[in-house]
Amino acid sequence: KTTAPSVYPLAPVCGDTTGSSVTLGCLVKGYFPEPVTLTWNSGSLSSGVHTFPAVLQSDLYTLSSSVTVTSSTWPSQSITCNVAHPASSTKVDKKIEPRGPTIKPCPPCKCPAPNLLGGPSVFIFPPKIKDVLMISLSPIVTCVVVDVSEDDPDVQISWFVNNVEVHTAQTQTHREDYNSTLRVVSALPIQHQDWMSGKEFKCKVNNKDLPAPIERTISKPKGSVRAPQVYVLPPPEEEMTKKQVTLTCMVTDFMPEDIYVEWTNNGKTELNYKNTEPVLDSDGSYFMYSKLRVEKKNWVERNSYSCSVVHEGLHNHHTTKSFSRTPGLDLDDVCAEAQDGELDGLWTTITIFISLFLLSVCYSASVTLFKVKWIFSSVVELKQTISPDYRNMIGQGA
């Protein structure tokens, strides 16, 4: 149900301030749904502004913002909190007025910052997909509490698995230098099968600055499972003139989108690779690319590179595609081999032609010689046959 917000200006309680700066606040309470926009002086005042994340309580949101200005700026100049809630078409402008008469305060009086509702914010993060799907690794669910005041650093964090409290989490506190607040990180080791079976993990946080404990829950999303198709692609020929070349791993047709891709070189993990985020395809599945930059000489020397993919749809949740430079891919070598082959074929053709030519010449000469000899023999015989016998003719005449 749409509910318009109530807006409350927050001012220091001591009248005039003795310090060089003063912090003012604006509380936006009891609205639904999100979002609201909050600006100071219609956006012209942006320096020193800190807007806290919205907090959901009893199905209504509460948001607060503070702005720090110099004592000479306020209250001598007007400062207004501008709130807009599009869902309810609400716009509210609240001018920050001094509380009480502006009298000279007692010397010990020091104005505290307004007690803004919001305080710490809580976030929960799932385990890394590789840690969940590889039995040799340990998955961890993480709860992070930010913007914890140094004045109230005590944060109580409780963990529940399917609403059963567990006590195996490890919690550490870190100081944030950029805004002088504390960050509390609680890590809960979990069982692989608990996450894969869809159990619910809940982080419950309490602190003095919180009006009520904040709970955050997380579990494995439900949905269809489809194993990815993995393809590895060598560098394009146009890139072989450069010092570095690109190897590509294309992963397609997988569901859900949680996936882990890495590269190895002869069994050693490579670091110089980049993965795209999974992209939703038209059929509801996902695809992604991973590229690895390597030195060309390493590729030319035929080092073996592998693209490893971890996904719940795969057999044993893991597959690896390996490849290296294939012999004979060098264009110069291919051309040289082709040229040598063409020359060999040409010499063979020439040799056969010459042999056949010489054989033909020899055959023609032999046939011609035989014919000449036969004709000559025939002429001689014929001449002997028809020659007159002069001796008989002389004898008859006598």
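Keep in mind that glycine also has a Cβ here, set from the backbone N, Cα and C atoms.
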To which of the residue ranges 129-146, 345-362 does Swiss-Prot assign the term transmembrane segment?
345-362
If you have Swiss-Prot open, could you say which of CYS14, CYS81 makes the disulfide with CYS26?
CYS81
For CYS307, which disulfide partner does Swiss-Prot record out of CYS249, CYS335?
CYS249
So, by DSSP, how many helix, strand and coil residues make up the domain 'Ig-like 2' (120-219)?
10 helix, 50 strand, 40 coil
CYS143 (disulfide bond) and CYS307 (disulfide bond), Cα-Cα, nearest whole angstrom:
32
CYS249 (disulfide bond) CB neighbourhood, other CB atoms within 10 A:
25
Which of CYS26, ASN179, all recorded positions, has a Cβ with the fewest other Cβ atoms inside 10 Å:
ASN179
Looking at the recorded positions CYS26, CYS81, ASN179, CYS249, whose Cα is closest in space to that of CYS203 (disulfide bond)?
ASN179
